[in-house]
Amino acid sequence: MDVTVSELLELFLQSPLVTWVKTFGPFGSGSQDNLTMYMDLVDGIFLNQIMLQIDPRPTNQRINKHVNNDVNLRIQNLTILVRNIKTYYQEVLQQLIVMNLPNVLMIGRDPLSGKSMEEIKKVLLLVLGCAVQCERKEEFIERIKQLDIETQAGIVAHIQEVTHNQENVFDLQWLELPDVAPEELEALSRSMVLHLRRLIDQRDECTELIVDLTQERDYLQAQHPPSPIKSSSADSTPSPTSSLSSEDKQHLAVELADTKARLRRVRQELEDKTEQLVDTRHEVDQLVLELQKVKQENIQLAADARSARAYRDELDSLREKANRVERLELELTRCKEKLHDVDFYKARMEELREDNIILIETKAMLEEQLTAARARGDKVHELEKENLQLKSKLHDLELDRDTDKKRIEELLEENMVLEIAQKQSMNESAHLGWELEQLSKNADLSDASRKSFVFELNECASSRILKLEKENQSLQSTIQGLRDASLVLEESGLKCGELEKENHQLSKKIEKLQTQLEREKQSNQDLETLSEELIREKEQLQSDMETLKADKARQIKDLEQEKDHLNRAMWSLRERSQVSSEARMKDVEKENKALHQTVTEANGKLSQLEFEKRQLHRDLEQAKEKGERAEKLERELQRLQEENGRLARKVTSLETATEKVEALEHESQGLQLENRTLRKSLDTLQNVSLQLEGLERDNKQLDAENLELRRLVETMRFTSTKLAQMERENQQLEREKEELRKNVDLLKALGKKSERLELSYQSVSAENLRLQQSLESSSHKTQTLESELGELEAERQALRRDLEALRLANAQLEGAEKDRKALEQEVAQLEKDKKLLEKEAKRLWQQVELKDAVLDDSTAKLSAVEKESRALDKELARCRDAAGKLKELEKDNRDLTKQVTVHARTLTTLREDLVLEKLKSQQLSSELDKLSQELEKVGLNRELLLQEDDSGSDTKYKILEGRNESALKTTLAMKEEKIVLLEAQMEEKASLNRQLESELQMLKKECETLRQNQGEGQHLQNSFKHPAGKTAASHQGKEAWGPGHKEATMELLRVKDRAIELERNNAALQAEKQLLKEQLQHLETQNVTFSSQILTLQKQSAFLQEHNTTLQTQTAKLQVENSTLSSQSAALTAQYTLLQNHHTAKETENESLQRQQEQLTAAYEALLQDHEHLGTLHERQSAEYEALIRQHSCLKTLHRNLELEHKELGERHGDMLKRKAELEEREKVLTTEREALQQEQRTNALAMGENQRLRGELDRVNFLHHQLKGEYEELHAHTKELKTSLNNAQLELNRWQARFDELKEQHQTMDISLTKLDNHCELLSRLKGNLEEENHHLLSQIQLLSQQNQMLLEQNMENKEQYHEEQKQYIDKLNALRRHKEKLEEKIMDQYKFYDPPPKKKNHWIGAKALVKLIKPKKEGSRERLKSTVDSPPWQLESSDPASPAASQPLRSQAENPDTPALGSNCAEERDAHNGSVGKGPGDLKPKRGSPHRGSLDRTDASTDLAMRSWPSELGSRTCSTSATTTAPSNSTPIARHPGRTKGYNSDDNLCEPSLEFEVPNHRQYVSRPSSLESSRNTSSNSSPLNLKGSSEQLHGRSESFSSEDLIPSRDLATLPREASTPGRNALGRHEYPLPRNGPLPQEGAQKRGTAPPYVGVRPCSASPSSEMVTLEEFLEESNRSSPTHDTPSCRDDLLSDYFRKASDPPAIGGQPGPPAKKEGAKMPTNFVAPTVKMAAPTSEGRPLKPGQYVKPNFRLTEAEAPPSVAPRQAQPPQSLSLGRPRQAPVPPASHAPASRSASLSRAFSLASADLLRASGPEACKQESPQKLGAPEALGGRETGSHTLQSPAPPSSHSLARERTPLVGKAGSSCQGPGPRSRPLDTRRFSLAPPKEERLAPLHQSATAPAIATAGAGAAAAGSGSNSQLLHFSPAAAPAARTKPKAPPRSGEVATITPVRAGLSLSEGDGVPGQGCSEGLPAKSPGRSPDLAPHLGRALEDCSRGSVSKSSPASPEPGGDPQTVWYEYGCV
């Protein structure tokens, strides 16, 4: 059979209609084979039987029960069925079948087609309609209800198709209705019209069909006309077959044989039926005979009964007369006794009534309590559900937020990386241009004539090289993108594996829960059955009680009647007594004699009657025994039948289960195949990655070609022809590059396809898991069903036993009662003699006692049953509650499982993201290492090139070649490592595959065990053994994955180093290209001269051309003629070939037809032979069959004869047995009569004695009865009292319960009020922070000093020759200022020591205890800290004061010696000393008390906790000094991850300013904690690396830290918009380099990279500063060219602001690369951009640059740029990611982009010398700080609680904006609303337009802006930075608003940066880094307490207040900013 047919069969047999049919009984001969079941349906036998059940009316047609795949019989059965259905609908249901009737022919002929299945569905549908509307419909509907819900729904839909759809079945009952609504009539008429139309169409079609068929018949007859001769002969001859052909004869013979076989069958059936008829008649005759016998017996028994009654009546009358006197006396006494009993019963009734009333009351009370308790329980459940839902929603939102943050981080980081790369290349190109110009000028001055053609070529070649390098870089970036895509693919594969494991675990949990649920359900069912049984028993007892009461009432009435009767008898006796005693005595004697005679006669009769009675009893007992045996046999039969049925069901269920298991196995195999295909697709994707590597190789080849081009350039210097060739080759290269780009696009498309494949793979794996779960659930279900079956069987057997026992007992009781009644009657009759009275007395007494006992028992039972019923009621209630709870728990469980799956998925995605980011960071670090090494080489070569310009350009090209070779080697090594990684991943996947296969095998084994064992236990144990191994394997896989990631990250970092190198090369090539273009122009002039000569030659050639044209015309004519001839010949040849082909085709067709004909003839002959063979076979079989039939008939007759003989013998045997039994009975009767007479005589004598004894006993028992009665009444009264007391106690308990609930509610309200008071306390403690603002005035003074210092430096810089001397003096001054600043800071810290900490309060915040611990140690003197700093590593430094002279000496020595090249090494050593802990694990990260640097050590993992713990230290570190900020940047975000930052401080010029800006924000944030602030200030100032070194940067940093901005209270800061806090970040960013110098290396950076130690990459500066010097004018010109202009701020009058604005324009673009700072921040030393820039800060390597040292503008990155430095940089906190980089470019204006900064800085230097003195200090300051702000903005992207947030991207765009806006605000002395500065960069919008929220919040920003304007540079910086800074510090910001730890600063929360990862992610609420105050406030960080809202207003007020208050003091900052400029200039 076809596969599709089997599928159709399965679908059909699983349809609801077939499942309904199965309820009528198993079909398919009990087997579960789909085909046999289906054929059984198609044959129509089973369906006809169903129809017979529905419609039992007799039908004339017989069904063929043995179809044997006979089409005709099948059709016959189906037609009978359809006819029956049709008649039933019309006659019984009054309905008309309108739908097309099932096509019986189609079903009969081709039952296995899809159409025939549809027709059978029609049949089943019509049968269903009959069943649902027939008389037995309730029974059928009950069966339907027992089916599954899904099948029920399907059956209901089918029923509606029949009953409701008038198009299928039309209801005719409306005809009988008298009134029909017009709407219904209208609908009916419409449907009728439609049916009419359809019938007419069908009639027309049928007529057409008839016409066609008749035409066909006529045609066929015409084709074979019967010849007249043959016909006549046929008529005449008796054999008409003679005219037929041999084939027709054979056919007819076969048909004849078939009809004979049928005839035989029919005859056989007839014979069977006749035999059955004879048998039944015989049985009827026997039954008639038996009936007659029974009737006769019945008549005889009736006659006997009548005679017995007559005798009894006579006897009774005689006995009554004789014994009346004695009986009356006895009755009197008995009545008296019964009277006492009546009283007792009345009392008992009253007691029972009272008990009932009490019970009803208690029941009502308990029900009330129950309802109340249930209501409470329901409320609790609802609240729990709501709570869980809210928690899940919260969790989902948090997950979404985290993912958004991560995504934003990644995007921003990428953005920054790209911008940094762009700026680097621009810087390099500008620098090269500047060098070339300088060299050209020098050459012109020395000797203009010496300028040679070779030099120009050199320049052109260098420019061209630069261009090629740029192109190379773009290609590298595309390759990197493709690599990232391949990494994503691999990660998705890992995700799939993890999801599969988690799914397995969840499925196991679900299975366990299901088993528990099933157990609980079973227990519930057991309890329900028990309760039902108890209820039934209770009802029975109640009915027994009622019957007893009725009996008692009857007895009382009888007794009263007897009493009346006795009274009358007494009166008559008294009257008689008055008559003379003599007469009386005589009468008595006469009566006695007469009585004696009558007694003797009666005794004789009695003995006879007793004998007869005994005989009857025996007969009865025998009959009863027989009846019991028959009943037992019947029961056993029923039981066996039930067991058979049950076993059959079990077998069917097991078979279905096995089929399902097999189907599931097939499905799982299919899924495995799909799995393999998906794995193959993964392999193809890996091949794609290999292709990518091939592209990289092509790229290397291009590099090699570039080298060749350079060589060609050397050779082509003197020839123009060679130049032209070069250009052509260049064009070819460009084309190749375009092709490569196209290839890259194709690869991207392939990557997308791979992603789609991954998605499909995930869906397939999910389906696989679902199927596995369904398999497991099905196996569990089968087990549970088996267990339930076993339990049900046991219960059923127990119930059956109980039932049988009850029936037996019942039968015995009934028989006993009957016997007892009969015996009592007989005894009464016999005792009507003299002894009757005694016997009656005895019997009555016994009855009384029995009834008393029964009554007592029944009352006891009743009470026990009542108690039990109460207990059961309670249990029932409990069970119901439990069931309700169970359902709720199930729902909760489902919800939880869903949540668990969601959480698991999110967790896996988060894990994978983490892994990705770690990989990226490691790759970046490795790339940075490589780049640093290569740059060292390249840098040295550059120096040689610059120094040896005259020696020629050969060396340059050699250097380039060497560099390219090294790059090739590095890329090869990277590829090898990647291949290793891919192989490892392949192995992991293979292991996963093996695990899956092993699990599948285990599942198969479990299925097999299921089939074998029906028990439950073993299978479950096996199924739970496997997950452990899996989990272990997965853990090992995860552990093994870590190192691989690190290697990959190293490789990526190397690649990126290579990319930067290539960019530089491209820049050089571009310069060379420009030179070549100039040479081209020169050559073109020469070409002009040659062209004049060519004109003369052209004239000569014109004459020749004319002659040539004539010749060409002639040749053309000849060619035309030739072509025409050739075309004609071609056409002829084509025609010829066509004809040939046609001919061959015809021949082949002819041959094929001949072959077919031969095949057909052969087949026909074979068929004829088969036919003949079949005919012979048929004849032989028919003969054998007839012989067998004869034998069978003979045997049947024999069998009948034997049966008759057997019956006759049986009858004779029975007669003989009856006679024998009668004789035996007669003998027994005689013997028994004799014995009975003797016994009667004995019993009469005994009875008299017993009577007297019993009377005595009766008296005694009566006395005891009275006593017991009294005791019982007393006990009853006592029980009543106890019951009432119990009820009272319960009521009191309820009252107390209510009281308890009230108290509980009060307690809750008290708790709420307590929390409110705590919040209030927090607010009060916040207010205390405002007192700390006064301390900032000292800081502003220090800033003024630093500004003056800068001015002096600028003046000194004007004279180049005296530069070195001035530099030394300047360093001394700086050191002095630093010492002065240290002293001032110590004084300030001493002042702070005397501040009291804010009042303690009950802190619900987790980190409160940690804060307390941290705050305490800070109160110790700064001197202790000084001692510990020198010896301790950075972590210890944190807790000690690092200002000790020993630590600072090395720095000073370095500062004094500006020319020494060992500077870098010293710095590196210092960093080793302080940063030795970089390698420490997270364990070292715990912040120590009072540690200023603590944030730098924090790790991402601990970020949230540290955010809380680190407040105290953060306060100090931020407020005190730049060094603190640089070292403890992570305070703001527990993990310092601004690599860029460390680098940012490559030049001193910037150091000072950044520190100023940065400190201010810090100050603000931490003002609120005076004690911690003071101590932290001490520690941070002393511990700052700058301070230790004694460099001027430290001094400036400190001076700024006390700027007027510090006066802003921490509250203000918390609420300030980003404008307010960003500057701080900026500042920090600039100063970040100091950190590496001395402060602990930010651990995070080191740990993340896990690579080079701090000193790696440190490179000595060029030996001679003079060689690096450049004139200021030249540098300014260069920078002006490179830096694009940008929008000027509103205050245009300020020149310095203009300069800074110009400088800051580029940064807006470039500043973004905050995070890239990790990678490239190090690469961007400012020395690139500003030749005069001083590298005072330990450039990222941590190398301190001396203040006066010149750094030569250089392509190579200083070691600071090397990857090792990256780690320190990262550590340098979060002040702002973007800052880090900007700071690298020390040019103050461009806080973000180093290049732009340097350019703007150079401009600032030149102008500062002239304008700064006259420029208003504040304005300059304002202009300066804003520019720095840009970088800090980067911090904006981080929320308080988010660990891994860096917002490099925003800073870039916002830095500019921010820089501008503050200027405007300051110029106007009022903020103009949220300027671009405060505006967050919405990464989604990528525009500076303020978002809607920010537009709504101008008020907050305007309030803060004025403060910023007046506050000086720090304040200005704050204007743009407050948000970002706050965000950045949000963990610390919380401390800033110290009094309220729960609600960290709202405004700043918007974007806190935790540099955990390279990827940036903006938190949801705070996602837009620069959002204004209004936006920031509502945003809640995870760690924030919910009481944020109340403080929003206050925070805003504080903002405005702080700004106003701060405006009053003259801000030292205005001067400070120019000072910073001066300082920068001096450094340069």
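Any Cβ shown, glycine's included, is placed from N, Cα and C.
When the residues Ser951, Ser1496, Ser1601 are compared with Swiss-Prot, the one annotated as phosphoserine is Ser1601. Checking Ser239, Ser1847, Ser1981, Ser1985 against Swiss-Prot for the annotation phosphoserine singles out Ser239. Residue with Swiss-Prot feature phosphoserine, selected from Ser486, Ser1510, Ser1704: Ser486. The candidates are Ser1432, Ser1444, Ser1664; Swiss-Prot tags Ser1444 with the feature phosphoserine. According to Swiss-Prot, of the residues Ser6, Ser189, Ser307, Ser1806, Ser1806 is the one noted as phosphoserine.
DSSP assigns Ser486 (phosphoserine) to a helical segment in the three-state reduction. Neighbour list (Ser486 (phosphoserine), Cβ cut-off 8 Å, at least 6 residues apart, same chain): Leu685, Gln686, Val688, Ser689, Leu692, Gly751. Shown for the domain 'Calponin-homology (CH)' (11-131): DSSP residue counts in helix, strand and coil, namely 77 helix, 3 strand, 41 coil.
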